[in-house]
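Q: When I checked TrEMBL for this same protein, it listed these features:
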{"type": "DOMAIN", "residues": "B:1-98", "note": "domain 'FAD-binding FR-type'"}
{"type": "BINDING", "residues": "B:51, B:52, B:53, B:54, B:66, B:67, B:68, B:73, B:74", "note": "FAD binding site"}
{"type": "BINDING", "residues": "B:216, B:221, B:224, B:234", "note": "[2Fe-2S] cluster binding site"}
Ligand SMILES: Cc1cc2nc3c(=O)[nH]c(=O)nc-3n(C[C@H](O)[C@H](O)[C@H](O)COP(=O)(O)OP(=O)(O)OC[C@H]3O[C@@H](n4cnc5c(N)ncnc54)[C@H](O)[C@@H]3O)c2cc1C
Ligand SMILES: Cc1cc2nc3c(=O)[nH]c(=O)nc-3n(C[C@H](O)[C@H](O)[C@H](O)COP(=O)(O)OP(=O)(O)OC[C@H]3O[C@@H](n4cnc5c(N)ncnc54)[C@H](O)[C@@H]3O)c2cc1C
Ligand SMILES: Cc1cc2nc3c(=O)[nH]c(=O)nc-3n(C[C@H](O)[C@H](O)[C@H](O)COP(=O)(O)O)c2cc1C
Ligand SMILES: Cc1cc2nc3c(=O)[nH]c(=O)nc-3n(C[C@H](O)[C@H](O)[C@H](O)COP(=O)(O)O)c2cc1C
Ligand code: FES
Ligand code: FES
């Protein structure tokens, strides 16, 4: 956990309103787990709060963020140029753990929308761990799909779109019966997480990555409690075991 | 008077903390008098108030501003890049008038520090009008001098520096007895203006360019009254006849 | 159908946007930028009985995303305003809300009783909240009884609707709002500026000649919104929301908080076209947000407000 | 000579800068960033008698150059704080100012009477101004008599100096300050947050689960400064200036307004190193401005204040 000015290696739109930003700096060497996030200070000085963005990929000396423009901050980010520096606090949070998995275990990784982002690094780690991974990825429509090829290199990918413009029609729920996993990891909108939480109530190893508005990002302000008010999303999460959280 | 995004043609430091910014746009064609100013919106969105900056030179299709870094806004301006656009309200104010001058009249133009800026365009206009101009220009020291050569092309220049590092030592007052003008135009810090106001009490045509903090810049808010509270610096000025103002 | 139309007591507005008092003078200068028939209404600069020359200089200062002003109600006095200022605005097809200030009840009454002489003035905004004048001004706006009494006696001398402009520098703005409503106010405009100050660290002196001044601009919008929200739940008369509005979304936020119309102050200085830009942006944004009309939005907010 | 040294009742501070209550937790997290022996003091998160789980979500929202929070005084309760939180801070050579909150006089008294059990706690800050809890909180901070009474009964149960933290959501902050001074307060810390709100124009609902929240950050600094200025002219006890401080100049501005020390809140979230950066920047800036020592500046301001 540190503050560093990370240099922008690239920053480009890769799907409708979805951007990929590659960052370089010493902090990358302390990133060793998927599911963690970076807390980015915005260029616009009116935007006081940092923005939490998941680490989507950790590479040799760079890391990759995938973000969707939803408001002023992400709009600001989309304007940053190669060579600019981003004031970054991180890596933060308690990421995905899977020491309980044995090689050859079947794992299901479920993501929706921009929630797919942190699952790419997770997928890489699971594959490195020797697991068989099925990805169920949901998007609004064809234009919103990103990283499809990258995921296909890691395992089986079941693609769903709300409007059926690519893959199966419907949300990720339509594909759940195609898999019988030992462990499930999910990130995406609350309805998706609720579905995963209830669909796998027979499984112990179900992990959900949550979002909540944050101020400090490090556990000091109690701004980001989960709904049960017993855990902080930023420090105790953002990844929780399914029984730990009410959605 | 209009609002236009003027394009930055150049923006560079020309003396210690003094910058020259050349701007291009249609507004230039409506600039026809020295002593007017532009009201510039800053890039930093926290800086709500526009900054009033005198037009230092009006050329074919560009105008030139000369500014000194004194605070957040001018610091912001110093970072603008060639090709960027500056949200500009102008041209504003009532500039220098000299229709009363006959050709060959002796004119004295007195400036101090950054107040020298608007006097360059004035000098050009006076010369075009056929007048003989003596410029008395005061600076803190050698490093602060700008546009010396440019003024020399227009007439006699008496240079003064507070520390004597160039020209005469002392403020512009040390040079006043060298001239016997028909009209005097001055811009600079208040002590300089006071000196001019009192030194030429026998002359009718003494004009002083004032500064005051501004909000609207167009005469609507009464933010920028002169000390007598009967005139607005932005609209009725910034140039006033010596008897109109108390300093 | 005009989707932007709203009504205030005594006024039909083609849209809910108007420049706020003191941030538009009497319009002469802004008339060079656009046609005022674009605007919902105009809130004119405060009028006092006699001329006021204003406070000592400097009168404006900049703060983080805000400005401080201590103009001191400078205005040429009622006679000149009636003879020249309101008549100038009569060339435009737009209703004027005259703003009245004073340092005594008598002064308010004297000004109010004559405003109707200007036929384009459709309502009076009673400025009981100016923080920048020694006597009167904000004093009238911090005590519910004093505010109510002033409202009542002004109502007696004019047939024009009276909108009372509230000060945010109070513990309980709802109490003041209820008091002026009970005293006959036809609408409430809120808020005026917060008393603030800035110090020049080089001179170690206050920046403003008046030492303190009124804080306005986007930085105060959250407090203005909260106050509009609270007051709209406590009174039945309409509210003109003011405070930090600079964008279309700010204006809609004000209406969602409970306002019927919205006045734009400081933003006029940032961009002389602030008001027409917000007006032009309303319909496209309403389409995106699924808002049929401003009136429908107002009704929806009013219906939900006791839930 | 230590040019930055200042004194508060019961405390010697190596410099006037400290994190503000609630913006630094109990220090555990920020301890990963720097050594707290750098700080003048630490104002700990509010302590209540029993655990408080906090308000509903979301608890934070962003506004133009400000933030809204409605944490709801979440804290683990006095026992845990005495057993774990203050002791954690004892490893650092820095005085702790414990912040005490409650929803009844009894609760304040119960907490105050036990705080001295933590030997590193050198003073109590009485939070009579939290806008985010239904009962109590801000209610204690808006009435001079209620505030004075609370101060008095808390003074009775502890030997620690008591600093009273004022709410800015009042008509007359000077009256409250004078009342608590007369009741025995040893210092005043000011200000807490302004009650504000933000609305999500897409959902047309308030952003915060609690509807309203407390506004903090640079946008409110001008109002905080004005209040510090006014109160410093009316009371003799020292003031800890709080509100929107983010830079060295902001801190100096607070002292020039009349504060003896300065607390930094929201800026810690923007930059975890906000406090040490301000501390490191003080001496170079003082050289530029010709300020010999902070104490000399405080003395100069105090001397001039009745002029
Ligand atoms: C742990 C974590 C990881 C995330 N990872 C990613 C990611 O990899 N890619 C991505 O595109 N988005 C991610 N998000 C969501 C992202 O933080 C928000 O989309 C972003 O903060 C929106 O900022 P804005 O200024 O564009 O939107 P605005 O709506 O203008 O933001 C206003 C305020 O609300 C906060 N906010 C708004 N939406 C969210 C949200 N969903 N979660 C948390 N705070 C929010 C903002 O941070 C800001 O403080 C993540 C959120 C969390 C909590
Ligand atoms: C009619 C006119 C013409 C001017 N022409 C020039 C010029 O050609 N070149 C140049 O360098 N400067 C000129 N100035 C001064 C220039 O406006 C200020 O130096 C500038 O606004 C400072 O902004 P800042 O943010 O850097 O300083 P800050 O001190 O941070 O500014 C804070 C606020 O005070 C205002 N302010 C500060 N100093 C002045 C000042 N001297 N006059 C008016 N407002 C001030 C700023 O506009 C801003 O609103 C002129 C001023 C006026 C009124
Ligand atoms: C320079 C200036 C002058 C003002 N003069 C007046 C005035 O004469 N009468 C009045 O009622 N309000 C006056 N106001 C207050 C505004 O009408 C408005 O209530 C306040 O600025 C908040 O809105 P804003 O944040 O959009 O500026 C003035 C505000 C400013 C900034
Ligand atoms: C997230 C957050 C939590 C806060 N919690 C407390 C608290 O528990 N007790 C308290 O007295 N003040 C609390 N405050 C108020 C701050 O201590 C401070 O008074 C206020 O934020 C203004 O300072 P600033 O603008 O520097 O943030 C809190 C402020 C914030 C932003
Ligand atoms: S954001 Fe501060 S505790 Fe999580
Ligand atoms: S700046 Fe508004 S009248 Fe001059």
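Just so you know, glycine gets a Cβ as well, placed from its N, Cα and C.
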Q: Nearest to residue B:224 ([2Fe-2S] cluster binding site) in three-dimensional space, by Cα, is which of the binding-site residues B:53, B:68, B:74?
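A: Closest recorded candidate to residue B:224 ([2Fe-2S] cluster binding site) by Cα: B:53.
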Q: Nearest to residue B:216 ([2Fe-2S] cluster binding site) in three-dimensional space, by Cα, is which of the binding-site residues B:51, B:53, B:68?
A: B:51
Q: Which of B:53, B:66, B:224 (the binding-site residues) has the most other Cβ atoms within 10 Å?
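A: Of B:53, B:66, B:224, the one with the most crowded Cβ is B:224.
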Q: Could you check the binding-site residues B:53, B:68, B:74, B:216, B:221 and tell me which sit with their Cβ under 8 Å of a chain C Cβ?
A: B:216, B:221
Q: Using only the Cα atoms of B:51, B:52, B:53, B:54, B:66, B:67, B:68, B:73, B:74, which the record gives as binding FAD, return the largest interatomic distance in Å, rounded to a whole number.
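A: Taking every pair among B:51, B:52, B:53, B:54, B:66, B:67, B:68, B:73, B:74, the longest Cα gap is 15 Å.
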Q: Look up residue B:66 (FAD binding site) in the DSSP assignment and report helix, strand or coil.
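A: Going by the DSSP assignment, residue B:66 (FAD binding site) falls within a strand, counted as strand.
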Q: Taking helix as H, G and I and strand as E and B in DSSP, count the residues of the domain 'FAD-binding FR-type' (B:1-98) in helix, strand and coil.
A: 12 helix, 47 strand, 39 coil
Q: Just jot down the residues in the same chain as residue B:74 (FAD binding site), at least 6 apart in sequence, with C-beta under 8 A of its C-beta; none if empty.
A: B:19, B:51, B:67, B:68
Q: To see if you understand the setup: which same-chain residues, six or more apart in sequence, place their Cβ under 8 Å from that of residue B:234 ([2Fe-2S] cluster binding site)?
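A: Listed in sequence order, they are B:52, B:92, B:93, B:212, B:214, B:216, B:217, B:218, B:219, B:224.
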Q: Which of these binding-site residues (B:216, B:221, B:224, B:234) have a C-beta closer than 6 Å to some atom of ligand 2?
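A: Going through B:216, B:221, B:224, B:234 in sequence order, none turns out to be close to ligand 2.
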Q: If you take the centroid of the Cβ atoms of B:51, B:52, B:53, B:54, B:66, B:67, B:68, B:73, B:74, the listed FAD site, which other residues of that chain have their Cβ within 8 Å of it?
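A: In sequence order, the nearby non-listed residues are B:40, B:65, B:77, B:114.
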Q: Please report the distance from the Cα of residue B:66 (FAD binding site) to the Cα of residue B:221 ([2Fe-2S] cluster binding site), rounded to the nearest angstrom.
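A: Given the Cα positions, residue B:66 (FAD binding site) is 26 Å from residue B:221 ([2Fe-2S] cluster binding site).
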Q: Kindly point out which of the binding-site residues B:51, B:74, B:221, B:224 have a C-beta less than 6 Å from some atom of ligand 3.
A: B:221
Q: Going by DSSP, give the three-state secondary structure for residue B:221 ([2Fe-2S] cluster binding site).
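A: Once the DSSP labels are grouped into three classes, residue B:221 ([2Fe-2S] cluster binding site) ends up as coil.
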Q: State the mean pLDDT for the domain 'FAD-binding FR-type' (B:1-98).
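A: The average pLDDT of the model in the domain 'FAD-binding FR-type' (B:1-98) works out to 97.
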Q: C-alpha of residue B:221 ([2Fe-2S] cluster binding site) to C-alpha of residue B:53 (FAD binding site): distance in Å?
A: 19
Q: Among B:51, B:53, B:66, B:68, B:74, please name the binding-site residues whose Cβ is nearer than 6 Å to ligand 6.
A: none
Q: Between B:51, B:68, which of the binding-site residues has the fewest other CB atoms within 10 angstroms in the structure shown?
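A: Candidates: the binding-site residues B:51, B:68. Fewest Cβ atoms within 10 Å: B:68.
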Q: What is the Cβ neighbour count of residue B:216 ([2Fe-2S] cluster binding site) at a 10 Å cut-off, with all protein chains included?
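A: That number is 28.
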